[in-house]
Amino acid sequence: MAGHESRKWMILVATMWIQAFTGTNFDFSAYSSELKAILGISQGAVELSRDGVRSRKGSRMVVWIGFDVYTIVVFFLCLLAGCSITWFNTVCFVLCIKNFPSNRPLALALTVSFNGVSAALYNLAAISMNPSLSHIYLLLNAFIPFITSIAALVPILRQPPVNPLPSDAIKHEQLIFIVLNVLAGITGLYLLFVHSTDSSTARVIFAGAILLLVLPLGIPGIIYAKDWSQRKVFSSFTLEGSGFLLVDADDLEFHKEFFSRENSQINVTSYSNGPTLTLSLTRIIGMGGARDEGCCGEIIGKDQLFMLGEEHKAGMLVKRLDFWLYYLAYFCGGTIGLVYSNNLGQIAQSLGHNSMTSTLITLYSSFSFFGRLLSAAPDFIRLKLYFARTGWLAIALVPTPIAFFLVAASGKEVALQAGTALIGLSSGFIFAAAVSITSELFGPNSVGVNHNILITNIPIGSLVYGFLAALIYDNNAAAGAATFAQQMMTDSVVCMGRKCYFSTFIWWGCLALFGFASSVLLFLRTRPAYDRFEQNRRANLLD
């Protein structure tokens, strides 16, 4: 049994490593400008630059064939990279859900959070090798995920059998997750504040980061040693009242009294997967009879989810209004933040802060990491401050429009850094919380398929938002070509000045507000199901 427990935590550490070193999509902005210049594509990527076309020798047919071959190769590589990242993420999600069914949100939030430090780790690794060579990022992106996958393969293949845990074991798991979250927080702070542009110093810092990633390996060893000592040495002792409980002892009597008063208004109905609480209609989220009044009430009440965890196959999923509200919230929240991060290099360049690109990448990466870690906070404070997870999603979307409007209003370094941090924090929370929300709303067993259906909005959003930004960017670049002289150091058209992204930030900010509205509506529709689930969970906890 001790071996099974330690192997389970080994799997968790392996998924943390996979997430930390396979988020290669987050460091694209570090080399995007140079890559586009080499391919002869304008920064906006809408058209082949005139200088790039002129630099290719031969007939128009040769120029077209050359450009077409470049396009096909880059498209094929991007397709492979996108598929691999999706595969890595799905494997990690499924492993967390399978091995930690009782603390699923904590495992998912911790694992997904390490995907947020990928850009900072790759940035640090590139600086430690040669900070002047952008192609190093491509080499690192090619080799490090492969090496990490090989290292993580052994614990993943040796998965332990999954058995139901007693309540004291669940509480013990929660305590271990607190320790791991503290270690993760230290790792994030280390990557945020400890950095250097000197190669030799960066190597030492990078080695320290790797050490922090290896430290969680001590958890499985400690668990094994503790279980062995309890069996062999302390088996004759019994400790009463031990374990970790996310509720104060002083509050226990209050909760018991609360549930005894509520019993008269709650009907417990048995389903095949356990008891579910059905509240009287007049008590659902305090809305009473106003629920059916007006257009808004009709939208909120139509085809509501009655309970969490009901399995939805793909055909059933796409018929749900809740899914499309969720899709829009993600599309206008996390995805738009990801597109912003991919354009950080040329955003900094257009605002005259080209030297800040590495700093901005590290800033976005670190705050995305902290946002992902924060997505676990609702599970730690749920007995003190309970809020439906879809409500936390809506709150997490608030910083994104604020950040876009802030950056649009000012092109100063401070505004750019603050906006980047806010967007990283917001999108990081959304990326991590979304996996748990998908599992809770549409079933844990179908989460692999359903979440991949949800994140189809990422390539669609990247195309739509990227084209919008590129169109505005290229129009401004063409209008200012006489003033800014077709850029001296590259063969591509580069736009300089606040105007290059001003309209883009305004549009993105407005779309983020629309995503926030969708998330609020999703929260109002799903809150009754979350309330039922939470009351049932507390009742079982106090029994």
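Backbone N, Cα and C define each Cβ position, glycine as well.
Annotations in TrEMBL come from automatic prediction, not curation.
Because the structure is a prediction, the values reported are computed rather than measured.
Marked as domain 'Nodulin-like' by TrEMBL: 8-46 (among others). Mean model confidence of the domain 'Nodulin-like' (8-46) amounts to 75 (pLDDT, 0 to 100 scale).
The DSSP breakdown of the domain 'Nodulin-like' (72-220), given as helix, strand and coil counts, is 129 helix, 0 strand, 20 coil. The annotation domain 'Nodulin-like' is assigned in TrEMBL to 72-220 (among others).
Residues annotated as domain 'NFD4 C-terminal' in TrEMBL: 310-528.
What TrEMBL records for 1-22 is signal peptide.
Summarising the annotation, TrEMBL assigns transmembrane segment to 69-95 (among others). Within its own chain, the transmembrane segment (69-95) has Cβ neighbours under 8 Å at 11-12, 15, 18-19, 22-25, 39-40, 108, 111-112, 115, 141, 145, 149, 156, 159, 435, 447-448, 451-452, 455, 459, counting only residues six or more beyond its boundaries.
Positions annotated as transmembrane segment by TrEMBL: 107-129 (among others).
Feature annotation from TrEMBL assigns transmembrane segment to 135-154 (among others). Residues 14-15, 17-18, 20-22, 24, 27, 30-31, 34, 81, 84, 88, 122, 125-126, 129 of the same chain sit 6 or more residues outside the transmembrane segment (135-154) yet have a Cβ under 8 Å from a Cβ within it.
TrEMBL lists 175-193 (among others) with the feature transmembrane segment. The list of residues near the transmembrane segment (175-193) in space but at least 6 beyond its ends in sequence, with Cβ under 8 angstroms from a Cβ of it, reads 9, 12, 103, 106-107, 110, 113-114, 117, 120-121, 124, 208-209, 212-213, 215-216, 219, 223, 244, 362-363, 365-367, 369-370, 373, 376, 380.
For 205-225 (among others), the entry in TrEMBL reads transmembrane segment.
The transmembrane segment feature in TrEMBL is assigned to 323-341 (among others). Packing against the transmembrane segment (323-341) from elsewhere in the chain are residues 25-26, 29, 119, 312, 317, 347, 361, 364, 368, 390, 393-394, 396-397, 400, 404, 420, 423-424, 426-427, 430-431, 434, 437-438, 441-442, 454-455, 457-458, 460-462, 465-466, 469, 508, 511-512, 514-516, 518-519, 521-522, 525: each is 6 or more residues past its ends and has a CB under 8 Å from a CB in it.
Look at TrEMBL and you will find 353-374 (among others) tagged as transmembrane segment. For the transmembrane segment (353-374), the residues of the chain that approach it from at least six positions outside its boundaries are 26-27, 29-30, 109-110, 112-120, 123, 127, 131, 181, 184-185, 188, 191-192, 195, 197, 341, 344-345, 396, 413, 416-417, 420-432, judged by C-beta separation under 8 angstroms.
Under the heading transmembrane segment, TrEMBL lists 386-409 (among others). Below 8 angstroms of C-beta separation, residues 105, 326, 329, 332-333, 336-337, 340, 371, 375, 378, 415-416, 418-420, 422-423, 425-427, 429-430, 433-434, 436-437, 440-441, 501-502, 505-506, 508-510, 512-513, 515-516, 519-520, 522-523, 526-527, 530-531, 534 of the same chain, each at least six residues beyond the ends of the transmembrane segment (386-409), sit close to that stretch.
Residues or ranges marked as transmembrane segment in TrEMBL: 421-442 (among others).
With a cut-off of 8 Å between Cβ atoms, the residues of this chain six or more beyond the transmembrane segment (454-473) that come close are 42-46, 82, 86, 323, 326-327, 330-331, 335-336, 338-339, 342-343, 346, 350, 434, 438, 495, 500-501, 503-504, 507-508, 511. Here TrEMBL flags 454-473 (among others) as transmembrane segment.
Taken from TrEMBL, the feature transmembrane segment applies to 505-524 (among others). Beyond the ends of the transmembrane segment (505-524), by six or more residues, the same chain brings 285, 299-300, 322, 325-326, 328-333, 336, 340, 388, 390-391, 393-394, 397-398, 400-401, 404-405, 407-408, 465, 468 to within a C-beta distance below 8 angstroms of the stretch.
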